[in-house]
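Written below as structure tokens is the structure these notes are about.
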Amino acid sequence: MLGRTLREVSTALKQGHITPTELCQKCLSLIKKTKFLNAYITVSEEVALKQAEESEKRYKKGHSLGDLDGIPVAVKDNFSTSGIETTCASNILKGYVPPYNATVVQKLLDKGAVLMGKTNLDEFAMGSGSTDGVFGPVKNPWSYSKQYRGKRKQKAHGENEDSNWLITGGSSGGSAAAVAAFTCFAALGSDTGGSTRNPAAHCGVVGFKPSYGLVSRHGLIPLVNSMDVPGILTRCVDDAAIVLGMLAGHDPKDSTTIQDPVKPFTLPTLADVNKLCIGIPKEYLAPELSSEVRSFWSKAANLFESEGAKVIEVSLPHTSYSIICYHVLCTSEVASNMARFDGLEYGHRCDINVSTEAMYAATRREGFNDVVRGRILSGNFFLLKENYENYFIKAQKVRRLIANDFMNVFNSGVDVLLTPTTLSEAVPYLEFIKEDNRTRSAQDDIFTQAVNMAGLPAVSVPVALSNQGLPIGLQFIGRAFCDQQLLTVASWFEKQAQFPVIQLQELMDDFSSDFEIEKLSSVSLKQ
Amino acid sequence: MAAPVKRWSCVGKRWVLAYIDGGSRHGRGAAIGFTSRRKRGQSSVAQQPLITAQKSRKGEHEWEAVVGLEIHAQISSNSKLFSGSQVHFAAPPNSLVSFFDASLPGTLPVLNRRCVEAAVMTGLALNCRINKKSLFDRKHYFYADLPAGYQITQQRLPIAVNGSLAYSVCVGKKPSQVSTKTVRIKQIQLEQDSGKSLHDEPRSQTLIDLNRAGVGLLEVVLEPDMSCGEEAASAVRELQLILQALGTSQANMAEGQLRVDANISVHHPGEPLGVRTEVKNLNSARFLAKAIDFEIERQIHELENGRKILNETRSFDYKLGCTMPMRDKEGKQDYRFMPEPNLPPLLLHDTASLPPGADPQQVINIDWIRERLPELPSETREKLIQQYGMLPEHSFALLNEVGLLEFFQNVIKETRAEPKKVTSWVLNIFLGFLKQQNLTVNESPVTPSALAELLNLLDRKAISSSAAKQVFEELWRSKGKTPSQIVSEKKLELMQDQEALERVCHTVMEGHPQVVMDVKRGNPRAINKLMGLVRKATLSRADPTVIKKILERKLSS
């Protein structure tokens, strides 16, 4: 049961094959079993069981709230949750229990979803590995999969397997791991430069970043307000569409959400792709791109072409400036957004009380890690009067050029862009930390980050396993507010790709009955 | 930066001593300070009263002062600029604080429509161009009563620009010599107020009250078109009246709803403007004028002694009557302005640009607001002058007190007395009583109807004007009585009985043969003495013109 998709388990709940409480308990057991993954910062067991109980009552009365009623979900720990500690994986917010729910959290709860807990991340979502949070790194469930372990045994004998665990990618690594390890059926992430799509690709799940303004940011503790969007992590594209349908729409508490009413999302099944035009941005053929990813990317393009779609090479000429431009805009907003953490109203406060200034300084030094402090420092530098024109204003102009690149391509008739999500599959933690956070973020966001500059919807879909037995994802980018069209195309592709289910039997012997593991279905894109 | 600041503060302290040594507490602090220094042979300026001092000097010693103002007016609205918290003065500390006001992480600003309308109204009333598109920015600084670490303001593109404000100042000694001046308005911007810090020095603690945090402010920037404290105070007063007439701000300076920062510099005529200082947080018109005049004199004094003016922020010590450098504003402030990413551009419309089928709740129509602007103080004064033949200075006086005009109009409605009489009574007697007892018009024990009735009695000569004053005093003391009641209780009505009057006159003449003789010998003042005696005998209840007639008749017979 746990291995199913959200829609499948929803059907099972409606038909009474399982009750919400049973489902919740199974997930809770699995969360405990997989505690070593460090996917959750807080497990809200009591709340979850209570919510499941209420859901059960509704089902019994026949008053189900819809597809999400009774469905276990997880939420990244940078969304405000009423009565549940919200830390952003930072010392500065340890012990902070918000008095309100983020709009997206409230919407999930209003639809009957059961909140299992708050997932791990890089401190304040600054990172691409989920390795830089105060609660420690998140381990990629695929590290323990039969697929990966099988391959490793062939290669290196005698190596200590436990020390070779893989990163999840980030910064929403906890949410991606939670979905990948079957501890919930959908999770909220956040996506500022790829933070939902990157870990989705590394963990073999779907990671969807909606159009900026389609989903409310109220209650999402900001990284970069002008680029942040709540992200959705699920096991399949259809599930992402269901969740998006529940979350999308105007929020009076977020003035940047669209005013127009959003119609309910029902993902049509695409019969064929004859009328589609798929763009392949040539600038995304980066030298650092692994040959395996490149090969799956071209296979995917070929698949579309062979099925009747028009596949053309397109150019996004300002792509190479995107990372540096992002660096300026991101750190500037970070410097501003982090100013409120002064220890006065909430969160950590140091013991020093010589003066207000000394208290601020010590509180912030103790509260933030090096990555956050480094970004605050650079951001304040860019915002200085003498630097503002040369850095911030210029970066804004470049941002416009990058957004225009996408506009031009879409105006030329392209429906959807197809790109890699990441340079390669997930790397071992020990490998990953050889580079610092800044270098890693710059490398890892390369395919995902420009999308945030332009506010476009994008989704990472797992395609196949690499030679090492690790998931590889590809990214589809759509027109602004054409999220439904994007997901329709992604869903079609997902069906063709037939990505294999993660095999975690060894890990979860007790649950074997819950996983009606199918035989590894033939992977059409297998090398 | 630290050293010169220290020097300034020393200078300030010496002035403090000079002020006390000066021995007088009646004059202006600054002038006394300078006088005292001059006695010690250190200064040769500013012996004269402040404002004329600059003008009377000739040649190279002549100075011109330039004053610009930044005025913060709290918008009168039910809720704050970006949150739903209520706005109340003197509510229990931290009782009006939303999650956004406390800057809880993840909260976002939502613009209050009422505040935007208030800004548009104020902009229109001040002849501004309203920007159909304006932007919000973040201004960063760390302060305990600024929870977010930044203030949301409109630095780049404010809601209104290029306006003007006409105000009047007295030019001569007489109050009737009024001259109208104009100050240009650079811009009006919407921004958040900060919270309040209370410093508990003994316990070295700072207590924070966030009730005010996030209340909408209109920052009105006046160009440096003023030249002295009185001009600045008059301009602020006129702005205050306009805001109150519009209802966009209660603009009560004592309650901090109107706060003024003044930028001041001095220079020789024909030369470029001097380095300016900023005097912050002036919260009464009187202190505003005092602080500016002090600062002008201080700058002149410094420059004439070969010192330099620092571009610094100063505060006004109203007890000592001088400005001092502000300790916590030392060092270079870089506000690191940045666009506020959570608020889209603020778009306004006029009737021509209104999108068809737009939801009236979602759009603001400038023309619609313009058509509904209430009467402004300048228009009201003009009407008073036209309608009642009032002197301009009386029209100013009527508008200067909250509720006084309304009181005046209510009296006018109910009385047959001439408007000039009413004006005189309201401005001299009524206002005099209020001032003496430090009451507002609303707190007056005398109602407009009572005063109207009293003036009616006076108008039909039922009482004398001195009796009327007595009645008024009685009205003030004993609430609830009507003027007629008081008149009859105290027997204050004029003696209408001709025979009785004749008798009194006769008795007086009989009792004072010497005075009667004097009159007959041709002393013209002697009759006044007789009249005084008659008035005394009638307890002021006789009409003096009638008495005079009777006496004249009797004396000539």
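In case you wondered, yes, glycine gets a Cβ from its N, Cα and C as well.
Cβ environment of A:Lys76 (active site, charge relay system): A:Lys118, A:Thr119, A:Leu121, A:Ala125, A:Ser172, A:Gly174, A:Ser175, A:Ala187, A:Leu188, A:Gly189, A:Ser190 lie under 8 Å away, each six or more residues apart in the same chain. The active site, charge relay system feature in TrEMBL is assigned to A:Lys76 (among others).
All protein chains shown were included, and the count of other CB atoms within 10 Å of the CB of A:Ser171 (active site, charge relay system) stands at 39. A:Ser171 (active site, charge relay system) falls within neither a helix nor a strand when secondary structure is assigned with DSSP, and so counts as coil. Residues or ranges marked as active site, charge relay system in TrEMBL: A:Ser171 (among others).
Non-local neighbourhood of A:Ser195 (active site, acyl-ester intermediate): A:Leu121, A:Ala125, A:Ser128, A:Gly170, A:Ser171, A:Ser172, A:Gly189, A:Gly231, each in the same chain, at least six residues away, with C-beta under 8 Å from its C-beta. Among the features that TrEMBL reports, active site, acyl-ester intermediate is placed at A:Ser195.
Residues or ranges marked as domain 'Amidase' by TrEMBL: A:25-145 (among others). Mapped onto DSSP helix, strand and coil, the domain 'Amidase' (A:25-145) counts 47 helix, 19 strand, 55 coil.
What TrEMBL lists as domain 'Amidase' is A:166-487 (among others).
Following the DSSP three-state reduction, the secondary structure of A:Ser195 (active site, acyl-ester intermediate) is coil. Taking the domain 'Amidase' (A:166-487) as a whole, pLDDT averages 95 in the prediction.
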